[in-house]
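Asks: Here it is: the structure, laid out below.
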Amino acid sequence: MTERASEPQHHRSGTSRAVAARADRKDRFTGRPQVRPTAEGWKQPMGTDGRPTLQFAQKPRVKQPPMHLADMTMAERQEKMKELGLPAFRAKQISVHYFTHHTTDPEKMSDLPKDRKQEIVETFFPPLLTEVKRLVTDDGRTIKFLWRLFDGALVESVLMRYPKRITLCISSQCGCGMNCPFCATGQNGLTRNMSTAEILDQIVQANRIITEGALGGTRHEGPDAERVNNIVFMGMGEPLANYKRVMNAVHRMVADQPEGLGMSARGITVSTVGLVPAIRKLADEGVPFTFALSLHAPDDELRDDLIPVNSRWKVDEALDAAREYYDKTGRRVSIEYALIKDMNDHPWRADLLADKLNARGRGWVHVNPIPLNPTPGSIWTSSTRQATNEFIDRLEAKGIPTTLRDTRGKEIDGACGQLAAAND
Ligand code: SF4
């Protein structure tokens, strides 16, 4: 991610002529305008076939972040301690410092031998995330962080307080190879996958910041102290393109303390733009997290352009894989659908979506339409209230459980669907 990624990523200047040009195509059923998805203010990388490029693996020979305690299982931490000539129980002690007290400061580790403390900390806690910028909004209820990683790469996470939970939106990759036209994250492709520890450290840092009182509240210490209890992968990256490290991180989020963070799996949402082979693997992880498919269009004609990975795996294949996830886990799947004016909000699309979901059975899925912020002059703008209501009514009329999100003023950036889940 570039620094710019911490700012709204789509640009709005000079768009009105382009909008007019694109909007004069008419929807084939209703005669309503059909706006085609296209990047605004930046150039979407295209392949020789004229399609947006897709990148599934990180660039070769990219330097990996140093090994950190959060990359290791408890057994591996104990092994490492033994290598240092220290007893295995020290592994548990430093795990408590990190996962329970959210500290890597040797001064706060009074239970470690004084003469070895520095060495232990240097071995297990190489610095992973350095805070570059902090943006506080919503009367202190939302904090957006920009972090610099060991190699200079920048990623962000967003911490949000809701009446009954604290949500953290995290990044899983530096850059992204999925090249969605509404999200400039993809314009430089994928630089590298984040490590398991880099993914987890976003949560540990957020917990530390809550403990320091930066998100308000009063319960900062003790057994009922407030912590992040809701995780969505809505930051940079497509989580399932970094499958192994993301799943290791999820396993460590739910592992009991001090092996991991001791979080409830039900507060974790793993979402994807539709990497079908990876969706098929998810069910075997044995962790009851929520799975969300960021669909945003029920027809391949539109989705091929809106979510370029659709040229690899079509709508029906993604929905079949989502249904399989439900069959194997019994966990209801979320379908994320950002409502974009005159692009994907036509009533027939609501009908088609409902029909495709119902064709795969009842009770296995619910749809979360995501209202966007109004962005005058951009093609990436919110549906009218009337179009939104009709879309929802049509889904509900066909028996599809539907929840309109309260998106706390979000824009489409990062609307890979993680966005919606953040506001569950
Ligand atoms: S919307 Fe999500 S999947 Fe698409 S390019 Fe952006 S980060 Fe990647």
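Just so it is clear, glycine is given a Cβ too, placed from its N, Cα and C backbone atoms.
Residues or ranges marked as region 'Disordered' in TrEMBL: 1-66. Among the features that TrEMBL reports, compositional bias 'Basic and acidic residues' is placed at 1-10. What TrEMBL records for Glu156 is active site, proton acceptor. Annotated domain 'Radical SAM core' per TrEMBL: 162-410, in sequence order. The [4Fe-4S] cluster binding site annotation in TrEMBL covers Cys176, Cys180, Cys183. The feature S-adenosyl-L-methionine binding site is assigned by TrEMBL to Gly237, Glu238, Ser271, Ser294, Leu295, His296, Asn373. Sequence annotations record features per position, and here TrEMBL assigns active site, S-methylcysteine intermediate to Cys416.
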Asks: Between Cys176 ([4Fe-4S] cluster binding site) and Leu295 (S-adenosyl-L-methionine binding site), find the distance joining the two CA atoms and give it rounded to the nearest Å.
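Replies: Roughly 18 Å, rounded to the nearest whole number.
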Asks: Among Glu156, Glu238, all listed as recorded positions, which has the most CB atoms within 10 Å of its CB?
Replies: Glu238
Asks: Those binding-site residues, Ser271, Ser294, Leu295, His296: which ones have a Cβ sitting under 6 Å from ligand 1?
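Replies: None, as no Cβ falls under 6 Å.
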Asks: Looking at the recorded positions listed here (Glu156, Cys180, Cys183), whose Cα lies nearest to that of Ser294 (S-adenosyl-L-methionine binding site)?
Replies: Cys180
Asks: According to DSSP, folded down to helix, strand and coil, what is Glu156 (active site, proton acceptor)?
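Replies: It is in a strand.
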Asks: Across all the protein chains here, work out how many other Cβ atoms are within 10 Å of the Cβ of Cys180 ([4Fe-4S] cluster binding site).
Replies: 27
Asks: Please state how far apart, in Å and to a whole number, the two most distant Cα atoms are among Gly237, Glu238, Ser271, Ser294, Leu295, His296, Asn373, the recorded S-adenosyl-L-methionine-binding residues.
Replies: 23
Asks: How big is the Cα-to-Cα gap, in Å, between His296 (S-adenosyl-L-methionine binding site) and Cys183 ([4Fe-4S] cluster binding site)?
Replies: 14
Asks: Calculate the distance in Å between the alpha carbons (Cα) of Glu238 (S-adenosyl-L-methionine binding site) and Glu156 (active site, proton acceptor), and round it to a whole number.
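Replies: Computed Cα spacing between Glu238 (S-adenosyl-L-methionine binding site) and Glu156 (active site, proton acceptor) is 14 Å.
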Asks: Can you tell me whether DSSP puts Ser271 (S-adenosyl-L-methionine binding site) in helix, strand or coil?
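Replies: It is in a strand.
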Asks: Once the chains shown are all counted, how many other Cβ atoms turn up within 10 Å of the Cβ of Cys176 ([4Fe-4S] cluster binding site)?
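Replies: Its Cβ has 30 other Cβ atoms within 10 Å.
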